[in-house]
């Protein structure tokens, strides 16, 4: 796998987009968390949401760093599969929270959409990669 920062090939476009999404969510969650909650149509005042949002931001930062250094990872496809699993669990959690009315329908739909977009991008990246070494 080539480095997504130095290799301009179109095959790496989904990886660059995925890194950008993760990094944006991480930076936003750490620097301007209340804006992120407004963007995702969620109420943060008087709830533990800001703490959870920062934890979510740190997780996204770590995943973005791992994706950015995928070329140095011994088993990059396994890392991508883990990334996709996290995104699918996020989508299910957003859907369940919306169904239980813990968050609004718009927030649930947006969260599910972002998570499934990330999972799809991860799948697109994985489809372009050689198999992991045994």
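Going from the start of the chain as shown, residues are counted 1 onward.
Placed from the backbone N, Cα and C atoms, the Cβ positions cover glycine too.
Computed from a predicted structure; not experimentally measured.
Per TrEMBL, the feature transmembrane segment maps to 12-32 (among others).
Sequence-distant contacts of the transmembrane segment (103-127) (same chain, at least 6 residues past either end, Cβ-Cβ under 8 Å): 12, 14-15, 17-18, 21-22, 40-42, 77, 80-81, 83-84, 87-88, 90-91, 93-95, 97. As annotated by TrEMBL, transmembrane segment applies to 103-127 (among others).
Among residues of the same chain six or more beyond the transmembrane segment (12-32), those with a C-beta under 8 A of the stretch's C-beta atoms are 2, 4, 39, 53-54, 56-58, 60-61, 63-64, 67-68, 70, 114, 117-118, 121-122, 124-125, 128.
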